[in-house]
Amino acid sequence: MPARISRATYAQMFGPTVGDKVRLADTDLIIEVERDLTTYGEEVKFGGGKVIRDGMGQSQLSRAEGAMDTVITNALILDHSGIYKADIGLLDGRIALIGKAGNPDTQPGISIIIGPGTEIIAGEGKIVTAGGIDTHVHFISPQQVDEALNAGITCMVGGGTGPAHGTLATTCTPGPWHIARLIQSFDGLPMNIGVFGKGNASLPGALEEMVRAGACGLKLHEDWGCTPAAIDNCLSVADHFDVQVAIHTDTLNEGGFVEDTLNAFKGRTIHSFHTEGAGGGHAPDIIRVCQYPNVLPASTNPTRPYTVNTIAEHLDMLMVCHHLSPAIPEDIAFAESRIRKETIAAEDILHDMGAFSIISSDSQAMGRVGEMIIRCWQTADKMKKQRGSLPDDRPGNDNYRARRYIAKYTINPAIAHGMAHEIGSVEVGKRADLVLWNPAFFGVKPDMVLLGGWIATAPMGDANGSIPTPQPMHTRPMFGSFGKARTNTSITFVSQAAMDEGLREKIGVDKQLVAVVNTRGGIGKHSMILNNAMPQMEVDPETYEVRADGELLTCEPVDVVPMAQRYFLF
């Protein structure tokens, strides 16, 4: 005879189910469980007196007979594809199955086999997301990897050589020698990583050798001269090798205006960095490029969201990042031309409309690498409070908005950079780069981060404690961050040309190299999931007012944001 329990009791035991609602951190964003792939009455749970015991929820089947390496039980999955509850089976560092776990000898409808060789991660009451992907990283210091991983980032794409002045300002690694050294360093870092080569050149030879040396993309930056000739040449090389191009355009409009840059694109796919303009780009109207089908528009977290402090902090940041001097009037004018409250306010709304597709950090070069996810959800919360529910959201939940915003740092950057066959979503066949969150700490402090199916970092108490939880409790590296586990659970993204030339053996790295694919004509703005709006854009050159399809885009700065100081008292 079936037993009945209250929803509250059920959620406490097995996590929320269909119709239950969950608040994300201390925001006003509410998600609702859309479907449940587990079976009522047959839920599996680990622990004393619980289900996953020999002959009960645990079968006799070996790994060779189909048992999983790891099962995450009763997880609430938050993904661009939906918000649903399921068990997740991991095998060989990948997501093997999503569905119902247990013992097929004693339970009906089992798709995920738990055997004696299966580890269990309790997902009850936890939210599981794909690891975040940050596609705007200045590799200034290796310590960024620790900050990013502990914030839920599992892939970093960018360039640099350390605290050299070229790297402090620009997101690229110049030349094959530097690229080789950087890729060699990745063996010591628990993170999936890709490198941008420098894209600023008017002839192809130097760019081609960087792609062959392992660059998975090329970066055009105004500080190296972002001329129409350089743009055209860089895109031509990228088309030949199937790698993405990221661009930071000409703030001073010296080599041309935004129309000249658009003409140089010639309709070819390109990833536009900090499209709002405060981070750089044609002043004052680079924001217009988000209307074009070949432009994949992103913005960075220093302007996310628009607050009462945003304008004030930007000027000094910009002077440091771009090697400018406060004693030179022209340098000050350059900096001030980029900081416009009108376009920053419009940026909030364009993200909420789905016209801006990607959020990234701009790490240590105006942005904060550990705050990319926080700033994304702060923007979503601000927009809900100022603009209300989205038309596609159902009454009582913010599922559509949540899916739109999580896509900005998971699936869309993966698609943009040819990595979506490996990462970017909670999907069967992809790498098990997963983040577990306590809903109260969602987006702020992960409960656990898995890289390639193994735990890389997690909150942990005193190692001499009698249990794992005595203070001081803070995020620490786990076994997945050490030794050869580190090189066997994370990868380096490179070009197919580098793979063909045997780069791994040539430079002697242990990490697996994986080629990026489909970064050029096969993708465009239409490929940006839940973020493919292309409104007709106008920018007033005198007032900087921004309009989309004739509507003025403006919003007030806020003086309080969620996911902030209350989470960082200790």
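Heads up, the Cβ atoms here are built off N, Cα and C, so glycines get one too.
Just one of Lys219, Lys266 is listed by Swiss-Prot for the same Ni(2+) 2 site as His248, His274, and that one is Lys219. Of the listed candidates (Asp362, Asp381, Asp392), Swiss-Prot assigns Asp362 to the same Ni(2+) 1 site as His136, His138, Lys219.
Apart from the site residues His136, His138, Lys219, Asp362, the chain places the Cβ of Val137, Gly158, Gly159, Thr170, Thr171, Ala246, His248, Phe273, Thr300, Ser360, Ser361, Ser363, Ala365, Gly367 no farther than 8 Å from the centroid of the site's Cβ atoms, the recorded Ni(2+) 1 location.
Nearest to Asp362 (Ni(2+) 1 binding site) in space, judged by Cα atoms and limited to the binding-site residues His221, His248, His274, is His274.
Listed in chain order, the residues near the Ni(2+) 2 site other than Lys219, His248, His274 are His136, Thr170, Thr171, Leu220, His221, Ala246, Ile247, Thr249, Ser272, Phe273, Gly279, Gly280, Gly281, each with its Cβ within 8 Å of the site Cβ centroid. For the recorded site, His221 (substrate binding site), the DSSP three-state label reads strand. DSSP assigns His248 (Ni(2+) 2 binding site) to a strand segment in the three-state reduction. Per-site Cβ counts within 10 Å over the binding-site residues His136, His138, His248 peak at His136. The Cβ neighbour count for Lys219 (Ni(2+) 1 binding site), using a 10 Å radius over every protein chain in view, is 29.
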